[in-house]
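One structure is given here, and the rest of the page talks about it.
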Amino acid sequence: MGYDSKQNMFQDGICQQINEIDGDVGWHTMESDDWMYYPQQTVNVSLTAATISAALVGGCCAPNRYKTSGFLFQDDGRTYSETGNKIVAISDLPLMQNITVTGWYMKKFVDDHAMNLTVIPSVHHPDKQSIFFEIAAFDRGMIMKYIFYDYEDKMIGNHSTGLLRNVITIPDITVPRFTRRVLIQIYGSRADPMCFSYLYAGLPIKFLCRTPSHKVLMCIIVMLGSFILNQAWNILNSQASIFHEWLPRAAKIVEIFLSFFLYAVYFYPVFLCFHASYRLRIANLFGATTTCTLFGLRMALDIPSYAITYARNLPFLVINLLAAVPTIVAYSVVLLYFNRNHDSWFATVWILLTVSIWQIKLSSVTDMAKHPGVFKKYFRKLFGLHRYVRIPFAIKTSLSLLVYCLGQLIPLLLTQMIGVGGVVPRHICSWSPYLSQFQYHPQPMEFAISAFFYMQISVFVATVGGGGLCIIYSLGIIRRFTKDILRLRKGDYFLFKGKRNNGIDLDDAIRFLGVVIGFGFTGTLYFMVEISLIGTFVTMLILMDRFRESLIHHLGYGVFFASFFIAFIVQLLQKCITNLIFVESRTRFSIQHRSPFLHYWYFMMLTSMTRALTSYIIRTLKLVVRYPLFSLRVDRNAETWSVRRGDGGFTAYCGMLLAEHEYNNPVVLAFIECILHSTQSLNSMPDVKTSQNTFCSHHKKKLIMDLEKRISPEEASRDMKGSDATLIADTKTKPCQTTSSAKRAKARWFLAYTLSNNPG
């Protein structure tokens with residue numbers, strides 16, 4: 001069967017030829033009367049003779065309710081008062097059909113684990129009796145079972161949807177690699193069956209999702225983040241990195257760039273082995289070896305800190321050990337992935353880590369587990385997601401790595417600030433004899449103890465509170481991306497200077513992951529330090545009596561700040577007078593008493609200068625506190641267009657946005673899938689006879705197997721060798737349809753109109 005994204009891969013989608021099509025195609029049952037076709041009819045479903053309520057039923061196929069059978073699932077409805085589930089029983093007599101994976105394009109994407117199997121049913125009631133059963137005491141349900149076979153027709157896996165109770169949609173599944181045939185079995189309820197008037201099956205492409213395991217890929221990203229975190233910390237503190245002693249003197253000038261580049265070199269083999277792990281055993285071996293080597297390097301770098309620096313204070317040692325747990329788990333998962341073997345004990349461990357552990361249902365989330373749609377709805381509302389907008393993997397990876405780095409930064413900064421030999425204890429010991437002189441009764445030791453207590457509170461608020469706030473705030477890029485991509489797909493280029501004629505290119509998109517982590521890490525660190533400095537100022541106000549009274553005296557009795565409060569009160573009174581006397585009721589700008597208002601305007605516009613002079617100070621203070629937090633995200637920029645291009649973070653976000661719009665525009669992807677079946681290039685399918693001199697026997701067999709009689713070699717050769725005159729003559733001899741040109745013009749017009757409104 002050829003591939004067409006709009007073509008139904010099921011034979012006999014309306015189910016009127018059950019067991020009537022010879023061969024392996026079409027619908028079949030184990031016995032001829034297992035399923036039956038219910039004729040369409042209009043029935044009166046009212047409960048009284050005085051009223052008539054017509055309903056259209058039938059015209060569909062369903063299990064034969066009059067034939068006895070066993071059951072795959074039974075529920076007697078005894079939990080109806082708790083769950084609302086009525087009686088349902090699933091018959092063990094299935095409706096079956098085979099669909100095949102053909103065509104080079106479909107096979108390539110299936111082998112890359114990038115194909116979803118979509119089954120869409122049209123469900124009706126078979127007869128009047130079914131309607132009354134549903135009202136009285138019965139639920140409708142079905143179970144879909146998929147069995148997958150490879151090119152040798154050997155079973156390579158199966159999947160079951162479980163009980164679908166009163167659900168008319170079937171969840172998509174990802175087709176396993178190397179699948180060439182899928183046996184689909186439909187089991188339905190018998191007393192109140194789901195009656196199918198039409199069944200559709202298709203294989204849509206999952207673009208940019210061709211990855212063996214996203215969970216393992218995230219773990220590799222976390223492994224990379226453990227090295228990036230240390231290097232970023234060393235750069236911000238002007239400390240030497242692990243490459244400092246290895247690099248020659250001339251290379252130390254560009255050490256910052258080389259260090260991150262060498263980290264990329266370190267992990268490049270891991271990523272290569274990961275993407276080749278499902279088809280090469282040697283890739284698993286090299287991947288496991290590289291992972292062990294990187295873990296050994298990580299341990300060699302961290303053990304001195306745990307054994308010397310953190311060991312002097314047990315609480316900080318425990319905190320940093322807990323912070324290292326995600327890193328150890330990530331290395332362990334990746335190592336188990338590369339060492340997996342489905343014929344050994346690794347298979348059990350791998351299933352436990354990737355499947356079983358995610359199926360644990362806690363009692364506190366039982367309601368969410370019973371109603372997953374509620375959880376999805378809450379999750380979409382929390383992050384501002386749209387059900388038809390896919391979050392790019394670049395954003396998921398960047399945010400995962402950023403959250404990991406920020407989670408590691410919190411205990412690291414906490415230890416550096418108030419740990420043994422930290423910044424706060426050293427400075428308190430140095431400055432307490434001098435700062436205590438600002439007290440009325442100087443006592444340096446008590447001042448130092450009190451200052452350390454207050455600074456501990458300040459540092460905890462700055463690191464745990466400020467760091468947690470930054471982590472939550474950084475996740476807002478998901479909501480902003482959803483809004484921007486929706487406006488961009490509507491043709492609104494408001495975000496870019498020059499609109500569609502902007503200067504953003506692919507190079508800007510490449511830098512997205514780096515700038516998200518760099519901006520987020522640096523901005524979070526500066527924000528936490530800023531909160532610590534504010535806490536230091538508050539601590540000094542509490543402990544230094546003379547300084548506190550002097551500051552209050554200048555602020556309380558100073559003319560500059562006192563005038564601010566007076567101007568604020570005058571502004572409130574001015575607003576009330578303006579709205580009550582000079583503005584018409586229920587309006588905002590309609591003026592009454594115009595002549596007095598002009599005189600009033602003249603005097604009031606000059607008095608607002610007092611508020612303006614002090615408001616500038618307030619604006620500056622607000623920016624000092626708010627801008628470090630605002631700037632750690634790259635998805636927005638508060639600068640003007642003239643200098644915005646110099647912001648590497650915002651331009652990288654714009655580049656990622658345009659790249660996502662260019663490569664994953666749903667209109668373009670749907671259009672490509674619609675024309676795939678008609679774009680099979682004959683040049684890519686050489687004639688076997690003419691290619692015998694260029695291929696060896698092994699490659700000739702492989703070529704023939706790939707073609708699989710998709711097109712006759714003789715026909716392809718004859719079409720390729722045909723002259724223009726022959727083609728014109730053949731065209732003249734064929735009957736021409738009068739409406740073909742009109743249909744072609746109409747189709748092109750709708751295509752052009754759609755693409756113009758969805759630019760990509």
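Cβ atoms are placed via backbone N, Cα and C, with glycine included.
Per TrEMBL, the features are:
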TRANSMEM  216-236  transmembrane segment
TRANSMEM  256-275  transmembrane segment
TRANSMEM  282-301  transmembrane segment
TRANSMEM  313-338  transmembrane segment
TRANSMEM  401-424  transmembrane segment
TRANSMEM  445-478  transmembrane segment
TRANSMEM  510-543  transmembrane segment
TRANSMEM  555-573  transmembrane segment
TRANSMEM  600-618  transmembrane segment
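Counting C-beta pairs under 8 angstroms (sequence separation of 6 or more), the transmembrane segment (282-301) reaches the transmembrane segment (216-236) with 3 or more such pairs. Between the transmembrane segment (313-338) and the transmembrane segment (216-236) there are 3 or more Cβ pairs closer than 8 Å, counting only residues 6 or more apart in sequence, so the two stretches are in contact. Long-range contacts of the transmembrane segment (445-478) within its own chain (CB-CB distance under 8 A, at least 6 residues past either end) are made by residues 383-385, 391, 395, 399, 402-403, 406-407, 409-411, 413-414, 417-418, 424-425, 428-429, 432, 435-436, 439, 516, 520, 523-524, 527-529, 531-532, 534-536, 538-539, 542-543, 629, 632-635, 653.
Here the transmembrane segment (600-618) has Cβ contacts under 8 Å with residues 560-561, 563-564, 566-568, 570-571, 574, 577-578, 582 of the same chain, all six or more residues outside its ends.
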